[in-house]
Amino acid sequence: MSTKTNVVEVLNKQVANWNVLYVKLHNYHWYVTGPHFFTLHEKFEEFYNEAGTYIDELAERILALEGKPLATMKEYLATSSVNEGTSKESAEEMVQTLVNDYSALIQELKEGMEVAGEAGDATSADMLLAIHTTLEQHVWMLSAFLK
């Protein structure tokens, strides 16, 4: 049976993931080059703004559950399943990496929804579902870009 502690762990994993993605998306926004520069530069900015919103919402939910959100880069990097960007990726590699990262997060969010549901925490489950829904659309659009 899942508990509030399990839900906080799930949410903190996502706080870590989104903080690493926030930095990675800035990296991509600054270092993207090539014929798709204008499109991707703008899209990466949209994505990092979205990431910032998720970070705040997830951290505040953890606080509402009387937990402690992760709050240092060291903690984020140790906990995240997302890797940092290198500043050396091509535009296509950046997009493919985001497809991979978002796909991995979709799976983690599904698992997190189950944990929250078992703990009777419909609010956290709903929050994770909303992020999941958005990421499925992002994966579809980014994958279409790569074709």
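Glycine too: its Cβ is placed from the backbone N, Cα and C atoms.
Neighbour count (other Cβ atoms within 10 Å of the Cβ, all protein chains): 18 for H29 (Fe cation 1 binding site). Annotation comment: Swiss-Prot describes H29, D56, E60 as Fe cation 1 binding site, evidence class experimental evidence.
Within the same chain, no residue at least 6 positions away from E60 (Fe cation 1 binding site) has a Cβ under 8 Å from its Cβ. Taken from Swiss-Prot, the feature Fe cation 2 binding site covers E60.
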